[in-house]
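A.B. asks: For reference, Swiss-Prot lists these features for the protein:
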DOMAIN    31-88  domain 'Sushi'
DISULFID  CYS52-CYS86  disulfide bond
REGION    103-347  region 'Serine protease'
CARBOHYD  ASN125  N-linked glycosylation site
CARBOHYD  ASN148  N-linked glycosylation site
CARBOHYD  ASN152  N-linked glycosylation site
CARBOHYD  ASN182  N-linked glycosylation site
CARBOHYD  ASN232  N-linked glycosylation site
DISULFID  CYS250-CYS281  disulfide bond
REGION    259-264  region 'Interaction with CD163'
DISULFID  CYS292-CYS322  disulfide bond
Amino acid sequence: MSDLGAVVALLLWGQLFAVDSGNDVTDIADDGCPKPPMIANGYVEHLVRYQCKNYYRLRTEGDGVYTLNNEKQWTNKAVGDKLPECEAVCGKPKNPADAVQRILGGHLDAKGSFPWQAKMVSRHNLTTGATLINEQWLLTTAKNLFLNHSENATAKDIAPTLTLYVGKKQLVEIEKVVLYPNYSQIDIGLIKLKQKVPVNERVMPICLPSKDYAEVGRVGYVSGWGRNANFNFTDHLKYVMLPVADQYDCIKHYEGSTVPEKKTPKSPVGEQPILNEHTFCAGMSKYQEDTCYGDAGSAFAVHDLEKDTWYAAGILSFDKSCGVAEYGVYVKATSIQDWVQKTIAEN
């Protein structure tokens, strides 16, 4: 059984639930757990109930309760001898973000409000963001992955050049990088870790939504390790609160404007913001606070009050605004949901 689960002991209505002994269930008739007394017109059943540690939940079609049968096998009425699994909880930070001021310099995340936020360092020590979506996979942008790589670079070329941190500067090893097939139109890539990361209050994935949360006016939170108001990379995770903007206004804002292209190496994704049906904009041009260089790859996190769960409505793709009256551009999570699930299942 996984060390994320445990077996608990309960004596309830004459039914004995087996003793908790870590990952091993003791013989119920040994000296550590004596046989219960018999009752008239009744009998004793030996039952175990599987439970998960904090920040994990039981995944099973049954109820997690197993009975010892005559063949001395633990079975569940619904799933037989198939054991349940403990899967990581997503989108349930212990200390969720408060409704605070929007600041480019950022509000310090001292409480672990964004446990899905990862820090990625690419070639030549450039800091960018990534977003944990389960225990072993993260989303980031194709632009981030191609930083300081030539347009001919492959995913295999890129993976060894990246350094990734989760939680409080916890270094994790990267197994592979997977680029979205049409990354010139949908600026997204996936990162697979060599090992699953233990989930706790500092490290927790954000949930991917089944519906589109990128509605005009909806407020989301974006955390990151990008440049601050002095254009220096920060050593502390910061966050900003931004509203989803009208797409027409955003497109109109960027019409005719360009971002200087780097001469070498040239990225196959390009430097300009990608605006299409798979993206949305956030930020309002009358404000002078926003995301900045190095924040790309971070989630536009929204709080569903009914479910009390945080979802990634999008992933920040274009982060060049830096408080100069421009919009940030995000890839919609709903546009990549099927690809993400398929890629994870195949790898």
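Just so you know, glycine gets a Cβ as well, placed from its N, Cα and C.
Just tell me what is around each of these and how deep it sits.
C.D. replies: Counted within 10 Å of its Cβ, the other Cβ atoms near CYS86 (disulfide bond) come to 22, all protein chains included.
The C-beta environment of ASN125 (N-linked glycosylation site), restricted to residues of the same chain at least 6 apart in sequence and closer than 8 Å, is empty.
ASN152 (N-linked glycosylation site) carries neither a helix nor a strand DSSP state and counts as coil. The 10 Å shell around the Cβ of ASN152 (N-linked glycosylation site) contains 9 further Cβ atoms across the protein chains shown.
Sequence-distant neighbours of ASN182 (N-linked glycosylation site): no residue of the same chain at least 6 apart has a C-beta under 8 Å from its C-beta. When secondary structure is read from DSSP and collapsed to three states, ASN182 (N-linked glycosylation site) falls in the coil class.
The Cβ of CYS281 (disulfide bond) has 29 other Cβ atoms within 10 Å, all protein chains considered.
If you take every residue in the region 'Interaction with CD163' (259-264) and average the pLDDT, you get 50.
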A.B. asks: In angstrom units, rounded to an integer, how far apart are the Cα atoms of CYS250 (disulfide bond) and ASN148 (N-linked glycosylation site)?
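C.D. replies: About 28 Å separates the two Cα atoms.
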A.B. asks: Of CYS52, CYS250, which of the disulfide-bonded residues has the most Cβ neighbours inside 10 Å?
C.D. replies: CYS250
A.B. asks: Can you count helix, strand and coil residues in the domain 'Sushi' (31-88) using DSSP?
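C.D. replies: Across the domain 'Sushi' (31-88), the residues distribute as 0 helix, 23 strand, 35 coil.
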A.B. asks: DSSP on CYS281 (disulfide bond), three-state: which is it?
C.D. replies: strand
A.B. asks: Can you figure out which of CYS52, CYS86, CYS281 (the disulfide-bonded residues) comes closest in space to ASN148 (N-linked glycosylation site), comparing Cα atoms?
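C.D. replies: The smallest Cα gap between ASN148 (N-linked glycosylation site) and any of the disulfide-bonded residues is with CYS281.
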